[in-house]
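Data block below; observations after.
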Amino acid sequence: MAVSGSFIVPNHSFLSQLKSPQPYYSSNKQLSLRVRGSLCSSDDGEGKFISKEKDEWKIKYSSEKPITPLLDTVNYPVHMKNLSTQDLEQLAAELRADVVHTVSKTGGHLSASLGVVELTVALHHVFNTPDDKIIWDVGHQTYPHKILTGRRSQMHTIRKTSGLAGFPKRDESVYDAFGAGHSSTSISAGLGMAVARDLLGKKNSVVSVIGDGAMTAGMAYEAMNNAGYLDANLIVVLNDNKQVSLPTATLDGPATPVGALSGALTKLQASTKFRKLREAAKTITKQIGGPAHEVAAKVDEYARGMISASGSTLFEELGLYYIGPVDGHNVGDLVTIFEKVKSMPAPGPVLIHIVTEKGKGYPPAEVAPDKMHGVVKFDPTTGKQFKSKSSTLSYTQYFAESLIKEAEEDDKIVAIHAAMGGGTGLNYFQKKFPDRCFDVGIAEQHAVTFAAGLAAEGLKPFCAIYSSFLQRGYDQVAHDVDLQKLPVRFALDRAGMVGADGPTHCGAFDITYMACLPNMVVMAPSDEAELMHMVATATAIDDRPSCFRFPRGNGIGAKLPANNKGTILEIGKGRILMEGSRVAILGYGSIVQQCVEAASILKKQDISVTVADARFCKPLDTDLIRRLANEHEILITAEEGSIGGFGSHVSHFLSLSGLLDGSLKLRAMVLPDRYIDHGSPQDQTETAGLSSRHISATVLSLLGKPKEALQFM
């Protein structure tokens, strides 16, 4: 081992500790890893990765694996318990370097993880996980947590098929106390665990870590209100990084959380009164002296009596004891605060407000935390991402371009998103029409009813929300929109399987939960040109609500309409793509492309296939379905959605019309009745049994050709 140009020969006992980390060891031994505050890869000092300069750790990023001698001794949180503050600071530096190196090779969520490195180290140092529970809101920030809880050797598999999940997952590790992926759930879950702990007579701590972006959702306040009423012992860590931890960039840069809370937190951090009182507290406690008073000084420094009323009143009125703001990158301060709060016998609910920087410690992420939020593989030295080139745009961009074209001709069109301007493509719309685009924060319930109010007054709202996120506002869709027949247009992005983000973001259920509503028009495009037509169609529907779903990923290269301006479709009418005789495959949405491929496969088996694009799930094209049923031996419906969706509606019509009373063989191909784990889109399609090969095999099996069918399974 070479450190800062000098060789260190560790004793045998220490060498064995490096190979087989022990739960408890002397922090003095770890100091032998430091020579002139540097960690190097060669004895001449070249290749230095991590160094300490003026009490601050500096990291030199490169494509080489960083030297992390202290992190190498920490497999689980128990290995951190005897570390000094100086050791913890070094551990944080090595952990940050390791996160950047790992994500540069795998892709994933980077900026959020870098922003909580010191917080993660402090939490696992103070609290006795997994007995003590740490609940991470959303979960984008949990890579450091995974590394410190026995999963470092598996980090190269993160978000890959059969690898680690990109979010906390209960069945992955006992250290993942609660699964996540959606926002603003941590306080509710933590409160439930705290109450369960008390009822069961246990004594463990419960910590909920939530970002300021997630605090824009009403659920967080519902939970805090209940926590104050129950007076349960719960620790809430508010990670204030002035960023919504989602791809929320505008074209001018990252977006900050919207609403009054963001302003209140900013005022609190900048409060002159707070700063003066904090300095006064430091002076007084220094005069008293002594270790006990040093601890008291840290807590009193951040106690609620020393903050401005503009920031703390809300939390205190809800019944939470407020501590903060605390520097979220100061490990020593974090440890002191956590230890003091943990030692309190019955503190009730406590909110610790920490201030962090998203992307901290990695320059490319610090200057562009939005662009480095979710990344593909990248060059650690420059931060340049290795994005694959495509001849087509994403479906999201086609949607945005089409909506802009419609809005240029219709000034009643407005757009709404829930803190997802970048993810939904509405950042482009906002650039063009800043007064007609509304970011409501991570508040899908409010987004839907806000859109309903706009529609009630004659505007034409497009509410763009990921399919899985609209689940959070479903009562509003049913009660506030559909029941009143208000013409809100729902653009459901990320419909179907979404690859590496896994089941929390999978848009499996929207066909089912939207098509069961009596007044809703439900559409799905088979390609990017059809998407543009459906944007135009939704614009024209002004007597009832409508929705259209589209997948993650890029278009297939379909010929686009002139000037990217769609044509209004006839409501409830599909189209025939290929004419055949024996078998009919009726696809709904993007899976139509697999249906066409299956027809080509079957043609080689001398099987004549008709392929139809349904376009609409509600209202159904009953004339088309009747024709397909009458003219073919077999009718297969295919969709990338759950049980109860398009296939169920087709089956219901066929049964009521008596078309199932004859010899027709009907099969509905849908997602299996389980959650599909993260992986590549291709792997997920195979796992779900919805590839062109699976469609072909289903046809062959129904035609009494099991041997031929097995060739495609």
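Note that Cβ sites are derived from N, Cα and C of the backbone, with glycine treated the same way.
Keep in mind that this is a model prediction, so the values were computed, not measured.
Look at Swiss-Prot and you will find 1-36 tagged as transit peptide, backed by sequence analysis. Under the heading thiamine diphosphate binding site, Swiss-Prot lists HIS140, GLY181, HIS182, SER183, GLY213, ALA214, ASN241, TYR362, GLU444. Per Swiss-Prot, the feature Mg(2+) binding site maps to ASP212, ASN241; the stated evidence is similarity to another entry.
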Lowest local Cβ density (other Cβ within 10 Å) among binding-site residues: HIS140, HIS182: HIS182
GLU444 (thiamine diphosphate binding site) to ASP212 (Mg(2+) binding site) - Cα separation in whole Å: 16
Inter-residue C-alpha distance, ASN241 (thiamine diphosphate binding site) and ASP212 (Mg(2+) binding site) (nearest angstrom): 7
Cα-Cα distance maximum in Å, computed over every pair in HIS140, GLY181, HIS182, SER183, GLY213, ALA214, ASN241, TYR362, GLU444 that the record assigns to thiamine diphosphate: 32
Other C-beta atoms that fall within 10 angstroms of the C-beta of ASN241 (thiamine diphosphate binding site): 25
Neighbour tally for GLU444 (thiamine diphosphate binding site), based on other Cβ positions within 10 Å of its Cβ: 28
Integer Å distance between the CA atoms belonging to ASP212 (Mg(2+) binding site) and HIS182 (thiamine diphosphate binding site): 14
DSSP three-state assignment for GLY213 (thiamine diphosphate binding site): coil
Candidates ASP212, GLY213: member of the binding-site residues with the richest Cβ shell (10 Å): GLY213
